[in-house]
Amino acid sequence: MAPGPARISLGSQLLPMVPLLLLLRGAGCGHRGPSWSSLPSAAAGLQGDRDSQQSPGDAAAALGPGAQDMVAIHMLRLYEKYNRRGAPPGGGNTVRSFRARLEMIDQKPVYFFNLTSMQDSEMILTAAFHFYSEPPRWPRAREVFCKPRAKNASCRLLTPGLPARLHLIFRSLSQNTATQGLLRGAMALTPPPRGLWQAKDISSIIKAARRDGELLLSAQLDTGEKDPGVPRPSSHMPYILVYANDLAISEPNSVAVSLQRYDPFPAGDFEPGAAPNSSADPRVRRAAQVSKPLQDNELPGLDERPAPALHAQNFHKHEFWSSPFRALKPRTGRKDRKKKDQDTFTAASSQVLDFDEKTMQKARRRQWDEPRVCSRRYLKVDFADIGWNEWIISPKSFDAYYCAGACEFPMPKIVRPSNHATIQSIVRAVGIVPGIPEPCCVPDKMNSLGVLFLDENRNAVLKVYPNMSVETCACR
């Protein structure tokens, strides 16, 4: 009879472990990875960029203190992915993120989103709601005591039931009131066995809200239970990503429209149409009057090169197109010769910028090393120099380049002149029509630049601006 009590004692020791065994069995059978829905851009933004050299925590710190959350990490990874692969984010040129503001209504957390910063020119492609799903709260096992006359004196446990389903509810709000309004959408979710981030496609909800002009939305993760009052970590706050295609991004001056926060020239500092070296005070005279327009973007006095070498002499005969006509030798009359002499005297007597000679020689020597013919020159733009670094997260600077140089006749093949530029250079060389300028050295092929910045509501925005960096130059 001695072994009987021992077996009962062993069973009573194992009984408290039954709920844990059941929970482990359910977790082992139902374990799944993070469900990032079917949005390829969102999934690749967080899971496909593990080869980044910069850790997510360090990258998120670029958004400022307290911003090391998932939305910051997600946007930075989307930016890094575009820089590496060059693929448009989500098939468009714009990604907007919207942070949530938490409010407690009827002892339940409700998240509010302000989507009013979306521009009218931005055509919504897809939208995703990203949220952290808490691990399920399994009901406790209830003990069922045996009756006093039962032969089996051991106690039994009632198997715990399944956790409650999670309901995701979206409502639109009126801008004049803070109450929840029209129901925009609802979906039932099964809580995962462990806490993880999930994403749900809410494109139809966002498009309908924008069509109705109601861009103040609320989202509620309802479990049917009251909130226990445990504060939610700031890193687990939900957010919305909207992938759009900005139809106005190719318009002139689009980069300044979206990135410039204030006028770089305050009132009184600059007048449109005024000469660059003019002064508001008529008594002040500047020693900076250039006699002729710098059509080739070169420094004044660059022609004073020690070794006289025209740009055409630097090219072989085969580098030019064959000429179907004879050499051009325009005949000048007395009036033209007299006018030319006057222009020469005026140019010689005019003054240039009043820099010291050492600085001018250094600048000229730098340009002497560069080809005189139209070509691409190096230019690095630092956003801090133009006052945009306060809201631009990345890049801090970029290689913009620029085009400079002469497009004189005959133009070599390397400058890739257009047909119009070729005809214009011939007419100028003949000299029959006075006042015809040289063709201009302008960008031919340009590259896009992805910029990650903060909008007026401190939400991270990724935009891909076209024609930001010069790749090749040509005469036009």
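Note that Cβ sites are derived from N, Cα and C of the backbone, with glycine treated the same way.
Keep in mind the model is a prediction, meaning the values are calculated, not measured.
The disulfide bond annotation in Swiss-Prot covers Cys374-Cys441 (among others). Cys374 (disulfide bond) falls within neither a helix nor a strand when secondary structure is assigned with DSSP, and so counts as coil.
The disulfide bond feature in Swiss-Prot is assigned to Cys403-Cys473 (among others). Here Cys473 (disulfide bond) comes close to Cys374, Ser375, Arg376, Cys403, Gly405, Val415, Cys441, Val442, Pro443, Asp444: these same-chain residues lie at least six apart in sequence, with C-beta atoms under 8 angstroms from its C-beta.
Cys407 (disulfide bond) carries neither a helix nor a strand DSSP state and counts as coil. Sequence annotations record features per position, and here Swiss-Prot assigns disulfide bond to Cys407-Cys475 (among others) based on similarity to another entry.
As annotated by Swiss-Prot, N-linked glycosylation site applies to Asn114 (among others). In the three-state DSSP reading, Asn114 (N-linked glycosylation site) counts as strand. Just so you know, the Cβ of Asn114 (N-linked glycosylation site) picks up 16 other Cβ atoms within 10 Å once every protein chain is counted.
According to Swiss-Prot, the N-linked glycosylation site annotation covers Asn152 (among others), on the basis of sequence analysis.
As annotated by Swiss-Prot, N-linked glycosylation site applies to Asn277 (among others).
Feature annotation from Swiss-Prot assigns N-linked glycosylation site to Asn467 (among others); the stated evidence is sequence analysis. The Cβ of Asn467 (N-linked glycosylation site) lies under 8 Å from the Cβ of Ser250, Pro443, Met446, Asn447, Ser448, each of which sits 6+ residues away along the same chain. In the three-state DSSP scheme, Asn467 (N-linked glycosylation site) falls into the strand class.
What Swiss-Prot records for 39-63 (among others) is region 'Disordered'.
Annotation source Swiss-Prot lists region 'Disordered' at 268-301 (among others).
Feature annotation from Swiss-Prot assigns signal peptide to 1-29; the stated evidence is sequence analysis.
Taking the Cβ of Cys403 (disulfide bond) as centre and 10 Å as the limit, one finds 23 other Cβ atoms among all the protein chains shown. It is 48 Å from the Cα atom of Asn114 (N-linked glycosylation site) to that of Cys475 (disulfide bond). Here Cys475 (disulfide bond) comes close to Cys374, Cys407, Met411, Val415, Arg416, Pro417, Ser418, Ala421, Ser425, Pro439, Cys440, Cys441, Val442: these same-chain residues lie at least six apart in sequence, with C-beta atoms under 8 angstroms from its C-beta. There are 26 other Cβ atoms within 10 Å of the Cβ belonging to Cys441 (disulfide bond). Least crowded of the disulfide-bonded residues (Cys374, Cys407), judged by neighbouring Cβ atoms within 10 Å of its own Cβ: Cys407.
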